[in-house]
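> Once you've had a glance at the structure underneath, I'll fire off some questions.
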């Protein structure tokens with residue numbers, strides 16, 4: 001039986017692909033070396049310890065139907081589109097060595113005619129007239145007996161969209177968690193016009209086979225058929241859940257303030273695991289009672305626009321005379337936390 005395994009996903013769903021990755025990683029024999037090739041449609045992928053409200057423009061992502069996906073490895077936030085090729089190398093210990101997988105990717109690029117080199121712990125760069133430019137970023141995960149190295153290669157990514165989604169709104173957010181470091185990047189198409197995802201995948205798999213001296217048939221993973229992986233349904237449900245992608249954010253505080261025709265409002269939220277643990281309201285409104293009631297209702301509420309809006313609108317039952325003010329308040333709060 002071969003010690004190698006090659007999997008290729010034909011899904012562009014980030015939650016599907018990350019669930020496949022997680023299942024394979026948990027269940028692979030310790031003697032196996034795995035290469036998984038995949039790519040995602042419009043997605044911001046954040047590190048395990050990151051806060052999406054701090055790292056991302058979540059409002060614009062929602063408007064543009066860009067998904068958020070939290071991965072199980074560390075590191076920073078990245079934007080994926082179909083101009084990215086994603087790779088994952090897995091191995092049991094002591095075989096696992098990220099320098100080996102890095103050299104495989106460098107050999108693949110060299111075979112395509114691109115001279116790249118490792119920079120720091122996570123990046124691959126190429127030299128251009130404007131200086132070094134990043135073409136690949138990576139992250140890692142290790143357990144007691146195995147590890148993986150996954151990353152992306154920029155082929156023809158829409159680099160203008162990086163700034164759209166990775167620059168958060170200027171919210172008054174005091175947040176813990178790992179902050180992303182932005183790098184100067186370039187696409188491989190600048191060096192190899194017309195290069196395709198399929199060509200890059202072929203180069204990586206050939207370099208993978210060459211390094212280990214054996215070949216295997218590729219297994220195609222498709223969303224049209226549930227992958228034959230134990231616990232895949234449960235893993236996918238978790239990977240696609242709000243509780244994982246947003247709710248796992250480190251604790252943070254959020255200050256909102258706005259002035260309406262009927263008075264100024266200042267809201268202070270403390271948020272932990274996606275739930276509001278403390279809500280304070282300050283106002284110079286002549287009728288502060290609805291806002292005081294709102295503070296009580298928001299305690300324990302999910303920090304989600306639809307849930308906050310629901311709690312605001314529920315106040316109309318007790319304060320029907322606020323039929324003008326409460327919808328304004330509701331729309332403002334929902335917009336501010338998206």
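A Cβ is built for glycine as well, from the same backbone N, Cα and C atoms used for every other residue.
The feature domain 'BPL/LPL catalytic' is assigned by Swiss-Prot to 29-216, with sequence analysis given as support. Residues or ranges marked as ATP binding site in Swiss-Prot (evidence: sequence analysis): 71, 76, 77, 78, 79, 134. Taken from Swiss-Prot, the feature (R)-lipoate binding site applies to 134, supported by sequence analysis.
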> Where the record says 71, 76, 77, 78, 79, 134 bind ATP, what is the longest distance in Å from one Cα to another among those residues?
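Value for the max Cα separation, rounded to a whole number: 21 Å.
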> With every protein chain in view, what's the tally of Cβ atoms within 10 Å of the Cβ of residue 134 (ATP binding site), excluding that atom itself?
19
> Measure the Cβ-based neighbour count of residue 78 (ATP binding site), defined as the other Cβ atoms within 10 Å of its Cβ.
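For residue 78 (ATP binding site), the count of other Cβ atoms within 10 Å is 25.
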> Write out the long-range same-chain contacts of residue 71 (ATP binding site), meaning residues 6 or more apart in sequence whose Cβ is under 8 Å from its Cβ.
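The answer is 18, 45, 46, 47, 48, 139, 150.
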